[in-house]
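Some notes on the structure that comes next.
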Amino acid sequence: GCASRCKAKCAGRRCKGWASASFRGRCYCKCFRC
């Protein structure tokens with residue numbers, strides 16, 4: 001789902017934190033402490 005894709009994306013960028021939200025069928029992802 002959205003959260004797992006976001007987590008994998010941020011992990012790939014070596015970010016320590018991440019946050020995701022689904023809105024109107026779209027996945028929004030934000031990576032922190034990269």
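Using the three backbone atoms N, Cα and C, a Cβ is placed for every residue, glycine included.
Here the candidates are C15, C27, C29, and Swiss-Prot names C27 as the disulfide partner of C2. All protein chains included, C2 (disulfide bond) registers 15 other Cβ atoms within 10 Å of its own Cβ. Comparing C6 (disulfide bond) with C27 (disulfide bond), their Cα atoms are 8 Å apart once rounded. Between the disulfide-bonded residues C6, C10, C27, C31, the minimum number of other C-beta atoms within 10 Å of a residue's C-beta occurs at C27. For C34 (disulfide bond), the same-chain residues 6+ apart in sequence whose C-beta sits under 8 angstroms from its C-beta are C10, R13, R14, C15, K16.
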